[in-house]
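Notes to accompany the following structure.
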Amino acid sequence: MQLFNELKTLGHKHIKADKKANERVPSGIWLACPKCHQSFYHKDLGLYQVCPNCEYGFRITARERLAWLVDKFDEEDAELKTSDPLKFPNYAQKLDKARQNTGLNDSVLTGTAQIAEQTFALGIMDPDFIMGSMGTVTGEKITRLFKRATRKNLPVVIFTASGGARMQEGIFSLMQMAKISQAVQEHSQAGLLYITVLTDPTTGGVTASFAMQGDLILAEPRALVGFAGKRVIEQTTHQKVPNELQDAETVLDHGFIDAIIPRKEMKEKLAWLLKLHNEGNGVNG
Amino acid sequence: MASFLEKKKTAAQIVANARGEEKVSAQELLAGVFDDFLELHGDRLSADDAAIIGGVAHFEGKPVTVILTNKGKSAQERLRTHFGCPEPAGYRKSLRLIKQAEKFKRPVVTFINTAGAYPGQSAEENGQGEAIARNLLEISSVKVPVIAVIYGEGGSGGALALACGDSVWMFENSMYSVLSPEGFAAILWKDSSRADEAAEVMQLTPEKLLQQKVIDGIIPESRSHKRLFRAVKKVLQQELEKYQKLSASALVEKRQQRFQRF
Ligand SMILES: [Zn+2]
């Protein structure tokens, strides 16, 4: 019942089909799209796990995304483990569970990837790993990804998904924002390309650092993109926040996203962009 | 639209043609001149202005950054773009994309058809003047070629902000001036109905501007879009080749000379 766990952890609404349908399809469950609220049989979401009605991309693990995104992938830094710097109660158990659920050592999967013969450094955050929160290992893996890319003259692509800072690692989590930003800047100053793809949800310290530092900022349809959580805003301002305030489409209208790319077109568009930036124009050196 | 070879048009006729319904649209130019295109939105500050379209494309197989002012086709789109008059966010987007092109060493091609930068309260509050000024400042030292084509109206600072590069071409039926003929007549003669007369006096036609060396050439406009796109491509190819050959410092120096002589 992997799918049920996913539903629970991600808080998707779900309703059971009527009993007869259940008998015919034993694992038959229906999902409601959290954005447009239409219901679908889970298989209707297809390979890309996308709402057939509004193209919202359901939250998927990093390894699920990797499976359809790349032609080749060499994983790096898979052995790094957090030192649990605050010795935070019950954190070790939480980590164990997250590792089991995602097959990752922390909330980001990193390595060297290839799409359509374009080689690049790839990072994919996992919303299932403690809400994609940014711990010290997340920060270290992303920093190393950029440093390696700078050394090898490679572009970087990162799929962001994060609830923000890792509370269990406190101030050490916060410091990752500055640490990663230094590595991004070094990579940029070497004239190299950095593409971010904002997926649902991209918030907090990730938005306020490497998610918004791309040369190109892409997003998946209707992905939640913001800094502060909706509840925090409402409790602070005592005002209701419009539902679509942090939809990628709204964020694009406000000037912060280059393009919204449906999941099924992502591989092809990334290949096109990587190639375009790799061709050079032989100009004005 | 009258062809290049027919008898000489008056300035007022050229103004009418520049603004006419038959004028090729930004979207048609994109589809007709470039191999492909991905639009990139937003100024990374406050908004995405529909009056300026920008993105990356291939031109004859090579990467370029393309920026176009957009008047819009439908009534709704025209309202959204203020009939092709950019907001400050539009100029900030275009500058962002030009700096991006510089980082990745690809040339920039701009297509201009605007009565001018949008005159409105929001535009003032968001720094319309500052946005245009920053384009002029930054583009003056950009290390990749910036080739501009005025394809309809070239209105004042709002047009110059995208035409301050290395080479400026104009469609046969286009105009480029410090002010609209209506505005000129109103200010000088307190009578905006004398716009046709103003158009003559202002020397805003491609021929006059070429004589003054404000522009570098004229692109013949034909009724057939196919022929028009072929003419545009020919000019772009020739100009890109010419300016891509230069070293970055020679390019910037040549650009500065281009404007220092005025
Ligand atoms: Zn939906």
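Yeah, the Cβs are placed from backbone N, Cα and C, and that goes for glycine too.
Close to A:Cys33 (Zn(2+) binding site) in the fold, though at least 6 residues off in sequence, lie A:Ser39, A:Phe40, A:Cys51, A:Asn53, A:Cys54, A:Tyr56, each with a CB less than 8 Å from its CB. Annotation source TrEMBL lists Zn(2+) binding site at A:Cys33, A:Cys36, A:Cys51, A:Cys54.
If you look up TrEMBL, you'll see A:29-285 marked as domain 'CoA carboxyltransferase N-terminal'.
Between the listed binding-site residues, namely A:Cys51, A:Cys54, the fewest other CB atoms within 10 angstroms of a CB are found at A:Cys54. The Cβ of A:Cys36 (Zn(2+) binding site) has A:Cys51, A:Asn53, A:Cys54, A:Tyr56 as same-chain neighbours under 8 Å, each 6 or more residues away in sequence.
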